[in-house]
Each structure stands twice: as structure tokens, then as C-alpha cells.
There are 2 protein chains.
Amino acid sequence: MSNDNKSNASSRLSALNSQMPELSPSQLLHSYRNRSKVDRQGLYETFYGPKWEFRNKVYDIICNNSEKFSAPYIDEHDRERTRYAAFKELHFIQKSLNMGYAEYQKDPHAFSMTSNAVYSWSPAICVKYGVHFSLYGKTLMNLGTEKHLPYIYRMMKLEDIGSFGLTEMGHGSNVRGIKTTAIYDPQSNEFIINTPEEVDMKFWIGATAQLANMTVCWAQLYVEGKCHGVHAFLVPIRNKDTHRVMPGITVGDCGPKNGLDGIDNGFMIFHNVRIPYDNLLDKFSQIENGKFKTWIESDDKRFGFQMASLSGGRVQVACNSNQNSIIAVAIAGRYSTIRKQFGAPGKPEQPIIEYPLTQYRIIPNVATAIVLQLSTITLSILWDENQKHLLDVKNTLINELHAISSAIKAISTWTAQRIITESRQILGGHGFSTFNRFGQLYNDNDVNVTWEGDNNVLLQQTGKFLLDSAKKLMKGKKLPFKCTSYISLDPAEGQQSELNSNEDFFNQGKLLKALQWRVNLLLQKTGLKMQEYMQVSKNGWDAFNNAQPFYSVELAKAFGDTWSAEQAIETISKVQNPENKRVLSDFVTLYLLETINKDIGNFRFGGYINCQQYEQIRSSILKLCNKLKDEFIAVLDALAPPDFILQAPFGASDGDIYNRYIGLIYSAKSTFKRPDWWKEVHKAHKKYHFEIDA
Amino acid sequence: MSNDNKSNASSRLSALNSQMPELSPSQLLHSYRNRSKVDRQGLYETFYGPKWEFRNKVYDIICNNSEKFSAPYIDEHDRERTRYAAFKELHFIQKSLNMGYAEYQKDPHAFSMTSNAVYSWSPAICVKYGVHFSLYGKTLMNLGTEKHLPYIYRMMKLEDIGSFGLTEMGHGSNVRGIKTTAIYDPQSNEFIINTPEEVDMKFWIGATAQLANMTVCWAQLYVEGKCHGVHAFLVPIRNKDTHRVMPGITVGDCGPKNGLDGIDNGFMIFHNVRIPYDNLLDKFSQIENGKFKTWIESDDKRFGFQMASLSGGRVQVACNSNQNSIIAVAIAGRYSTIRKQFGAPGKPEQPIIEYPLTQYRIIPNVATAIVLQLSTITLSILWDENQKHLLDVKNTLINELHAISSAIKAISTWTAQRIITESRQILGGHGFSTFNRFGQLYNDNDVNVTWEGDNNVLLQQTGKFLLDSAKKLMKGKKLPFKCTSYISLDPAEGQQSELNSNEDFFNQGKLLKALQWRVNLLLQKTGLKMQEYMQVSKNGWDAFNNAQPFYSVELAKAFGDTWSAEQAIETISKVQNPENKRVLSDFVTLYLLETINKDIGNFRFGGYINCQQYEQIRSSILKLCNKLKDEFIAVLDALAPPDFILQAPFGASDGDIYNRYIGLIYSAKSTFKRPDWWKEVHKAHKKYHFEIDA
Ligand SMILES: Cc1cc2nc3c(=O)[nH]c(=O)nc-3n(C[C@H](O)[C@H](O)[C@H](O)COP(=O)(O)OP(=O)(O)OC[C@H]3O[C@@H](n4cnc5c(N)ncnc54)[C@H](O)[C@@H]3O)c2cc1C
Ligand SMILES: Cc1cc2nc3c(=O)[nH]c(=O)nc-3n(C[C@H](O)[C@H](O)[C@H](O)COP(=O)(O)OP(=O)(O)OC[C@H]3O[C@@H](n4cnc5c(N)ncnc54)[C@H](O)[C@@H]3O)c2cc1C
């Protein structure tokens, strides 16, 4: 190339570039950030509640010791190394936190907060925590008695590592149908544990394939030939000196999974495994003189109490999934202010957030993540405060919390699937890069919809709670629950919304009323459906199942949406800072409007919302989206974890996204490598004998 | 254990098992299969069209040489080995098919059919095919001239391996905004290719990180200092002897991805790379005596024609994503007849398909997969028949196909995301096992919503086509398109559906009319919105963008739904076998009803569908679901690929699912392995110093 040509070429290039006076990526992000006047720390405390310092504590441990932590979303490890890393990091965090049994008894919510913070770094570590401390540990604490204290101490110190063996290959949701047997042998005062058929093996049991030396094994208890239902037994599964599996037990790995590579899910097969009598967790049932004894006569009730120890996990899952939503929408949101694509004819390209379509794809998701954050944190606090009453038969709050957490868990986990998917697409092709976290985020989140109660099964339970409540009302009883305060037997059909003036569409009271009305509508419809089916089939089981699609399941979701909105509104009413209050309030209004929009079929029922109102709901949504695009970056700063935790280069809070991305790509292990089999590339075609006859 | 005790225990167990007289998993699946009287081969030919034999050909090659094929969803490989396997399998299939350029010219649809069949085995291999033959190859054929024939021959024989370098890190959807430059140097009669800034590097280019020695590089052509827009240039990127990257070019790997590990997506940076004049693909533009020349004056039009070569990929993606839907729903459907969970009080557990909720979660998805199969295959045939007219300026069918394929691609790819997600959940926890394919299926499918045109951008183009059509109608012109035959300027508001009697709700004519009405409604609403915005902003660009959410984008989707239904109805009208006709027809009716149900907000507009009709639509859906649960297994047999291709043990057509699953788990490489770092497991806790003070 002649020198003339070269300088011509480069001057043309610089002319090309100067056509569009451009802000750098960082400047762009900051320009959106600076449009808002919210107080970030204030928002943070609103979002993460009274124990927010514990969140910072975890983040400090990880960020200040970054050399000890291997970014689970960025580093390329195989399964074995991922698990080892998770194991070591778990121990490091636990050691640094230095919180023991006493602290736990005093302040369970601090534990929930730390666990949720760990989740945003690495679901695998958090689940390792959860399996050991919550599932294994809490079962010990809730169902064991004095004599099991040594196990609790060892658990707390990670001297024992425990797993929770409930699910079998053949049985998950129908827990009472599990097949593993524990037969009491009066001669030796032992239990004999057996897996009847291969398909009855314990399956999916976390921390079992590699780690645990103890398990809580759930099995059908047989005494004197009679089955007394599902009970929990402590079974040592590995020798602590050799880490070999105990005789009579087969343990293995469930194999590769869609996500959560860091968790060693395993199966267990028991063949005449004998454990001493004291290994029965005997808070509810004992065997005395060879006879089965219990202080809760009803099998149903006893079963319910035993399972109560599980519900805490459900609350945690709801909180965790919303972290996934937050992370996804934070990455997409920041990116949308930086990424430019197309522009008006003759104008420079514009950031994609300037497209109303992109606003609608992002801002309502921010609103949902905010509302669910406020509702899940409230739920978590309520739950943790009431743990001590878990086994108090008279405490109706437990019923209420069970119904609420079932709905909120389903909503939060499905919402995360949806938000991650949409946010991934906001990044276009770059969302498909592992570095930007979405793939793994989706995969890790996925199981949340299934474990700790499959969503579709959980919603049936919330539906049942609401139907039972309505029945009580019909019998003239007062409901002891706060969450059902608006439930009424007045016919919902024929009522009309109070949305008339333009302002009404931004009136939270009126919008919330619409959500509550929908719960009543669906409750009445579900009740009617069940009656109809009962008349045909005379069969409560059939009627219940037939009323699920379109009715009971929708009812449960509607109830959860409404409860979430109520909590968000209540929390925000206590916010002092006026800017924070105003902005949060706008997001909640957007959530309310979008909730109506997305289920308009039910809201249009009997003309509660008419056509014109529907149109106005939609235009109000777009108005709010447009307004909130000047606030959302600042709000995301308070919602999202710090950059090192977030990991994705395209979510970096400093906006220097392309350089970070390029840096990661250039330094990945085989970026510039010629494949080992390169010689074959241009030899392979010689094997062909096509006739070319063009 | 005393012998007495032992025999007591085992007799109790067998009593327990015999309580429920059970069919084996295989018997259960067969019992559902045998309820239907459809003719499987007939269905197969309906689903896969006139070239169905080519599908079998591919399956035979793979299944009869199974030792040469590594199941991409089951075998655990690292990225490098996955790519090598895909490379070898690609060559093996290509060799076995033995189809050359002549065959391709004669019968392009046969190629589409084989490629779709390969996709169901391994998306990675199929994409390798697509990048090389369709993107690189068809660009050569469509945009090159006589002098480029040697490249075409080498491409056909895989003697060259080619890639398609359009996207840059900074530019994807806005193709015309790419920054790579090709400056014509009259002295040497060469082009000089440059990447101006790092963020302008070619990015995501398939087959580039490891394989290709050639690329089609898209760049802004500069002649005499003036930019003439985007053109395509042939650039050799690797030396075929050493497989080293050419001087002046930097090539690397884009890094780990959410899916499609078998594809080596790479980036390319050009620094003063000189290529001879003849490497311009010069069908539309040439340089003569140093002057730019073109026979299509309009930049817009020329650009449109150049891009036309891309649209074939879009059709292929639509077909491929529907394979993903089919595979997902086949696995979930078969499983649902075998998996038992819960049962009526005192009754044995029942297969989950017997729950109306499960029916509703599966059967409408089967219906959708059927309708999209019939619509995508029709589209594919139409496209392949019309390829030769691609560059015929007068052929209006090309416009039509472009608008249709944009909508259908968006619908099919999003539907697959939804169906895979729901089907995964049908399997409960077992859907989280890699062996059951869902995770990888979702991940591999994911990019389909983004590449070959991002869905949200594509829908804008369909919307624009429809708006333009309406404008033509308003000017009194007749539309030359078949797909818009029902478009009318009569006000949609105020019209009412013809759904009155019970039978009407199963009347396809009347239901289809409802779908067509919705297109008219949304078209009119979108037009109005644009007018409104125009009045405010006087700016067509703003008006267009503002009319996207709720209007133009919904319009485009509604149009795609309708076109799909039309194709399905037309295809089925030609089916001879009365059982096949009846059953397929029921599925299409279900699709029509569910399409209305899912977008009820629009259908309730102006009371086109009233409350009572809405309720009846829902009850009709549940009725059809219940009826079709006796047909769907047989239908899935015809839709789904053979077991070896399907891979997932839980989708096995013989129903022996648990044994296959257990077999895979037991034989996976590290199932029974003690972790290498086992000694640390019980040492780590010694590092703690908790105070136990309970
Ligand atoms: C990664 C992972 C880790 C896990 N960790 C543990 C662990 O540590 N310990 C442990 O004990 N378990 C664990 N589990 C198991 C988990 O709790 C179960 O997978 C879950 O309870 C669902 O049970 P299932 O998989 O058997 O699904 P099933 O109960 O068989 O459900 C299958 C499908 O049937 C539907 N269905 C079921 N019943 C009904 C009904 N009545 N009406 C309508 N539809 C119905 C469900 O919605 C679902 O779609 C884990 C699972 C996974 C995947
Ligand atoms: C695995 C993989 C393989 C690929 N292979 C190839 C290949 O071989 N060759 C090749 O050339 N390319 C390839 N691509 C690139 C692919 O074609 C692009 O990713 C795609 O065109 C989208 O462009 P983008 O990623 O730049 O997203 P962008 O165009 O930046 O879009 C980002 C977001 O902005 C939104 N948006 C953009 N414009 C508008 C608008 N006007 N209005 C509203 N919203 C808008 C989009 O909907 C999207 O959500 C590949 C990509 C991947 C991930």
C-alpha cells in the first residue's frame, strides 16, 4: 500500500467515525445513572431488610479474598474441579463468617441473608449450605430430641456432613408414597433399612455422591408388621476414616445435570442396613416395649408436621430465584443503555433502551423483580421469626405461611425463568456467551421450579387453602388469617373497577383492589367448577383435579401476585426518603398495571375492566416505562450485587463492557489455539468422490 | 436378622407391592399407543412432506453406523472433543449421502430435509452444514459470477471450508452499520480490508475459530473515497498447508457458549489485508476503470437483494426449532403415560397424564408442534421451489415469503423455548438430568431466537409488510399476495364471532375466521397508533417505534399464527386416511382454540368474543385435551425421530424408561468414584473454632 493510500484510507476512517459524536460506553451508562436522584444506600436497605449488613459481610469475604474464589460463571472447569472449588469456598466462607449454633438460634434471619448472598455468587455453594444446614440440620433440630444433640453439634461444625434422603427415583411429589422400608427388629432393638426395587432407590440426594458421611433417610416405618407411615432415620453412609461407603449401601452419582454442577447429587440403595433404635428422629413417634407410640394420632397431621421442616427451604428458593431475576435484568438493563443499534434516518445510532419495545421488554421486569424482592424478603423475615412456632399446633400463622410460600415460590421461580430468557435476548448474540452468565443462570435456576415442591403441585396446596377458607366463611366463621382479609362471598361477577379518570390508572389503591377482586372471582369460579364436577362425578378427587387448569392453579397464582403487591406497598409506605418513595412507588404501579395486562382475560370478565380501560392500562404501562428509563439504572445499582459477584462483563457497573469482554475472550485458555487435529481438516475431503457436473 | 424376621419382612414387602396390580412401564405406554387407530406412516408423510425419504436416509446413516456417532446429548465430552466429533460426523454423513452440486441444483428441498434430520441428531453438525453450504455456499452462488465457479466446486467437495463474516462485535441487527472497510486500490486493482476499532471485529462467525480457510467478509466498499455500502468479499483466512492464520488477520475463539459447543465461533480482525479484485462477489456491483458500477441503482434495493441469500437460513431455523419442540414434547408425552404420582384415596397411583392439569400442559403443545410442523414444511417447500427466483425483481412471492418467514421463524423459535421448558417440568427432577436432553435442547435452541435475524427485529419487518399492504389497499390497489387474502379495511371493531352453538366451537372455519379477524383488528389498531404518533411527533421513525409494543409486534405474531393455521388446514384437507384426517383435525382445532385463549385480550376487544364464549372456549380446550390423550402417543410416534436419534431414555418408544436410565447412570464414567480430594472432606472442619454454647 502506498503511503498516500494509507493516509487517505485513515483520514476517511476518522471522518467516518467523527460523523457521530459519541459518548463512550462508560459515559453512556453514567449519563443514565445520573438522571436519577434516588439514595442508593436507602434503597439497598429497603430491598434487603433489617439484616442487610450480613449481605455485605458475605460480599466482603468473597471480594476481599478474590484469589481464593473461582468465578463459577466464567472459569471453565470440569465437573470434578467445580465441585472441589465449591467445597473449598464453602468452608472458607463458613470459617470467615464464624457463625455457630448459638448465633443461629438467636438470629435465624441473619443466616437466610448470608445464604441468599452466597447464592448470587454461586448457587452450588449455597445449595451445599442448604442441604447440609437446612435440610439435614433442621430436620435434626426439628424432629430429633435431646439425645441427638451430639449430631447437631457435629453438623454445625461441619464435622459430619449430612444429606437429606427423601426423594426416590419413583417418588418425588408424592412423598407419602415412598417405598424405602425401615422395619423394627425387636430382638436387636434396631431398624433394618431396605430399598425394595431398583426404581425405589433414593435419588437426587444432594451432597451424597461425594461428600456426606451421614444422611437423614426417610422410610416407611414398620412395627409389628404394621406400616406407620413415613419417618426420618439417621443413617451413616460413609466411613469417616476411609470415606468409603458403608457395607450394605450402594452410593453413586446421578450423572451430569442441566445445571448446578457443583452439587454432587447421588443415589442410595439400602440392603438390610441395620441402625440402632436411637437413630429414629423421635420427636413425634417412639417405640416402647416393641409398640409404636405417637402423641399425634392423625397420620395426616403427623406427616404435615414432619414435612414442616422442609418449608423453610421453599422460602429460601423463592428468595434465591429472585436474585437470579435481579442479576439477569441488571445485566440487560445496563447493557441496554450502552448498546446502540440503528437510528433515525441520517441520525447516529441510538441506545436500544430508547426503543419503546426495548423499554417494555426491560422495565416491567425491573418492576417485577423489585416487587418480588420486597415480598420474598418479607416472607423470609416472617418465616424466620416464626420458626420456633413451627410445631405449635395452634399457630394458624403456620398454615398461612405455608399457603403463601407455596404460591410465592412458584411465582418467583417461574418469573426468573421468564426474566432470564428475556434478558438474555436483550444482549442479542452476546447473551449466548458463557461469560455473560445467562446460560448458566437459566440452567441453575431451572431446578428451582421443581424442588422444594414442584410448582404445579404447590399451587394446588395454595388453592386448597383458599377453598377451605371460603368454606369457613360460608359457614359463617371468621378467618384467622391476615392474607385473606379481602376474601369475600359477594359475587365478583357484575362488579366494576374504579378506574375512570386518567389518574385512577396510577392509583395503587384502585389497582390493588382489581387484583384482590380477581382472587375473589377465581375463588368463586373454582368453587363453582368443583360443585359442577361433584354433581357429575360424586367424587371429590376428580372434582379437585378437574378444577385445576384455568381455575384453582390460576387462583393460587393470582393470590400470590396480590400478596406480593400488598407487601411491596406496605414496605414502601414506610420509606422516608421522598425520591426513593416516589420512584419505588412508580415501579409498583407499573407492576400492578402489567399484572392486569398479562391476565386481561380474567379482568375483562363480566366487564370488570372494559375495552377502553384495557387500552388505557396499556398506554399507562408504556408511559411509565418511558418515565422509569431515567430511574432504573440507579435503582439497579441498589438491587444488584457488586461487579465481582455479578461476574458478567456486560453487566459491569462502570460501563466499560467491551474492554472487559475482550479481555476475557483474549485470555481464555484456548482462544488462539490451532486444533490438535488440524491436519485432518484439509485431508477429510479427499475421501469424497463427488461427480461435479455443473 | 433372624431368618423368621427376614421372611416376615419380605412377605410384607411383596404384600405391599401386590396391593396395586400394575402394568409395567412398557405396557403402560403401549396401552396408550394402542388406543389410537391412526396410520403412522401416513402421518409421517403428511408431517414431513414429499421428500420424507431423505429424512429416513439420514437416520439410516446414523443408526446403522452408531459406533461412529457419539450421542451429543449423552456422552460427556469437553469442547475440543465435541468439535472434533462433530467434524468427523459431518464428513461421514456428507460422504454417505453423496449428494453433489448437481443434485442440489435439481432438488434443493431434499437438502433442506436432510439438514433438518441432521439437526434432530445434533444441532452442531447441522449448523456446521448450514454455515458452510448455506451461508458461505449460497452467498457464492447468489452473489458471485461465472469466475467464482471454482470456489463453488471446492465448497461443494469440502475442499474449501468457508465461513460467513457479517456480524461484528458492535453490529448485528443493523447490518448496514457494520464498520469493516474494503477500500479499492486502483494502483494494484486490489481491495484493502480493515477493522477500524477493536469493537468492529467480526464476531460469532461460525466455523472460523478452528476450521475455515475461506470467509465471505462483508464490508463497506469504498471507491474513490466514496462509500457504496455493504458488499461481500472472498478472503482466504488460513493457509491450507499449515492451517495457520494468514498474515494481517487475527483469528480467535469467541469462548464458551450457552450451547452449540460443537461450533467453533470465532472473531476476525483485519489489518491492511489485500485481496485481488476478483474476490469481490460482483453480481450486482463492479468496478470498471476505477469507477463503481451497479445495475441496481437504489442502495436499499441492492442491499435487500444481497441479503436475500440469508433468508433461506431463516426458514431452516424455523424448521429446526420445531424439531426441538417435537423432541421435547415427545419425551414428556411418553413419560406422562408411564410416570405415576398420587392417586385417589385408597386407589393405586395414576399416570400423570390422567390429571387434567397435565393434559393441559402437554396436549396443546403437541397440537402446536403439529401445526408448526405443517406450516414450516410448507414454507420450506415454497422457499426451496422459489430459490431460483430470488433475484427476480418482479417476483412478489419473494416479498411475501420474506414477511411470512420472519414471523414464522420468530414464532417457531419462541414456541420451542416455551415447549422445552414446560416439557422439562413434566419430567420433574429427572428432566434436570443431562441424559434426558432438555437442558442441552434448551441451550442449543436458544440462539435460534437471535440469529438469522433477531426475532423482535424480524417481527418489525413483517409488521411493516402488513402496514404497507394496508396502505396499498387504501389506495384502491389489489394485493398480489395470497397470504393477505383476508386483509380488509372494514372496521374490525364492532364485529362479532360466529361462535354460537356448541358445535361452532369445534368449527375450524369459524375459528380460523376469528384468527383472521384478529389480524385485521391489530392491523387497524397499529395503523391508528402510527397516525396518532405522527400527529404528535411528525416523525415516521418515532411513530413506527412507538407502535411496536402491543401493536405492530403483536400484529406480526397474529399474522404468523394465522398463516400456520391456514397451511395446516389446507394440508389436512388433502389427507386421505379418514382416521388420520379426523385426529389431525382435532389437533388443529385445539390449536385454534388455544390461540384464542392465550391472547384473549385482543379477542375480547369490542366483544368479538364475549365472556360466555370465552368460558366455552376453555371448556372446549379441556374436552379436546381429554379426548386427544387417547391419540397423542400414536401421533408422537410419527412426529418424533427414532430412539437412537432422540437419545433421552425417558423418551424411549418402547417405554422401558427406568432400566435405560439406570443403565446410563451406572455406566457413566465417574458414577462410583471416590473424589480425588476425599482426604480433605473430613479434615476441613478442623480449621474451625466455633464456640458451641447450646
Ligand atoms: C438437582 C436436584 C437436587 C435435589 N436434591 C434433593 C435432595 O437433596 N433430597 C431429596 O430428597 N430430594 C432432592 N431432589 C428431588 C426433588 O425434590 C424432586 O425432584 C421433586 O420433589 C419432584 O419430584 P419428582 O422429580 O419425582 O417429580 P414427580 O413428582 O414425579 O412429578 C412429575 C410431574 O408430574 C406432575 N404431577 C405430580 N403430581 C401431580 C398431581 N397430583 N397433579 C398434577 N400434576 C402432578 C408434576 O407437576 C411434575 O410435572 C432434588 C432434585 C434435583 C433435580
Ligand atoms: C452462536 C452464534 C453463531 C453466530 N453465527 C454467525 C455467523 O456465522 N455469521 C455471522 O455473520 N453472524 C453470526 N452470528 C451473529 C448473529 O447473527 C447476531 O448475533 C444477530 O444478528 C443479532 O445481532 P447482535 O447480537 O449484534 O444483537 P443486536 O442487534 O445488538 O440486538 C440487541 C438487542 O437489541 C434489540 N434491537 C436491535 N435493534 C432494535 C430496534 N430497531 N428496535 C427494537 N429493538 C432492537 C434486539 O431485539 C436485541 O434484543 C452468530 C451469533 C451467535 C450467538
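Cβ coordinates come from backbone N, Cα and C, glycine included.
Copied from TrEMBL, the annotated features are:
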ACT_SITE  B:GLU452  active site, proton acceptor
BINDING   B:THR167, B:GLY206  FAD binding site
DOMAIN    B:163-273  domain 'Acyl-CoA oxidase/dehydrogenase middle'
DOMAIN    B:309-467  domain 'Acyl-CoA oxidase C-alpha1'
DOMAIN    B:510-685  domain 'Acyl-CoA oxidase C-terminal'
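Overlay of TrEMBL annotations on the structure.
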{"residue": "B:THR167", "record": "FAD binding site", "DSSP (3 states)": "coil"}
{"residue": "B:GLY206", "record": "FAD binding site", "DSSP (3 states)": "coil"}
{"residue": "B:GLU452", "record": "active site, proton acceptor", "DSSP (3 states)": "coil"}
Alpha-carbon distance [the residue listed as 'active site, proton acceptor'; B:GLY206 (FAD binding site)] in Å: 12
Local Cβ density at B:GLY206 (FAD binding site) - other Cβ atoms counted within 10 Å: 25
Distance [Cα-Cα, Å, rounded] between the residue listed as 'active site, proton acceptor' and B:THR167 (FAD binding site): 11
Interface-proximal recorded positions, chain A, C-beta separation under 8 A, candidates B:THR167, B:GLY206, B:GLU452: B:THR167
C-beta crowding around B:GLU452 (active site, proton acceptor), within 10 angstroms: 25
Nonlocal neighbours by CB distance (under 8 Å) for B:THR167 (FAD binding site), same chain, sequence gap 6 or more: B:ILE178, B:LYS202, B:PHE203, B:TRP204, B:ILE205
